[in-house]
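Visitor: Dumping the structure here so I can ask a few things about it.
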Amino acid sequence: MMKKKSWFTLMITGVISLFFSVSAFAGNVFWEPLSYFNSSTWQKADGYSNGQMFNCTWRANNVNFTNDGKLKLSLTSPANNKFDCGEYRSTNNYGYGLYEVSMKPAKNTGIVSSFFTYTGPSHGTQWDEIDIEFLGKDTTKVQFNYYTNGVGGHEKIINLGFDASTSFHTYAFDWQPGYIKWYVDGVLKHTATTNIPSTPGKIMMNLWNGTGVDSWLGSYNGANPLYAEYDWVKYTSN
């Protein structure tokens, strides 16, 4: 009886220890498979447009989940020369740390598929942003960029050596007080060290078509529906 009691006590102690280890780890890591709408963690943008170069209206109906467990953002047209697009963003703000995503961008001229952090005047802060963007006109490349108090101009185009629109790959940036490092499938591709942003922001993913920025995105030809897919997101704090 004593042997059974000792074994049971040991087992319970082990389970409790494992629970607290996982809890402590979870305090530093946010990881989520994007297989369903978790309203406690995420929001769907709905019913408004960013204006300026964004030629679409964010719609909750353009944020969906596939049967095989992927987030699917869509660009659609409800009427002639009217477009709806999809954006998914975290409810919480996140600061310095490693941000990772497994995604497959849409391919078409005049569009952008993205993964980024953002905060700005609408959130009561300065405009700070860190970007991973795919310009649909050439998905064999990825663009990295960032803004600090609204100052950007740090675009860096990287040749991937593959077409990102055909399969899922992992893209990441490590944001620290003195630098930002961007990675593709775990390989360092670019480092920035000047005027690094500091304000925590929301984790965001979106798909949209542009207007008035043909020199950057190419001219959007009205093709729809178009889709960008996301498998999972992970954030590891300092």
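Numbers here mean position along the shown chain, with the first residue as 1.
Just so it is clear, glycine is given a Cβ too, placed from its N, Cα and C backbone atoms.
These came from Swiss-Prot, pasted as-is:
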SIGNAL    1-26  signal peptide
DOMAIN    29-238  domain 'GH16'
DISULFID  CYS56-CYS85  disulfide bond
ACT_SITE  GLU129  active site, nucleophile
ACT_SITE  GLU133  active site, proton donor
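Map the listed features onto the structure and describe their local environment.
Guide: Residue environment of CYS85 (disulfide bond) contains 28 other Cβ atoms, counted within 10 Å of its Cβ in all protein chains.
In this structure, GLU129 (active site, nucleophile) is part of a beta strand by DSSP. Sequence-distant neighbours of GLU129 (active site, nucleophile): residues of the same chain at least 6 apart with a C-beta under 8 Å from its C-beta are PHE116, THR117, TYR118, THR119, GLY120, ASN145, TYR146, TYR147, GLY152, PRO197, GLY201.
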Visitor: In this predicted model, what is the average pLDDT of the domain 'GH16' (29-238)?
Guide: 98
Visitor: What residue among the recorded positions CYS56, GLU133 has the most other CB atoms lying within 10 A of its CB?
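Guide: Of CYS56, GLU133, the one with the most crowded Cβ is CYS56.
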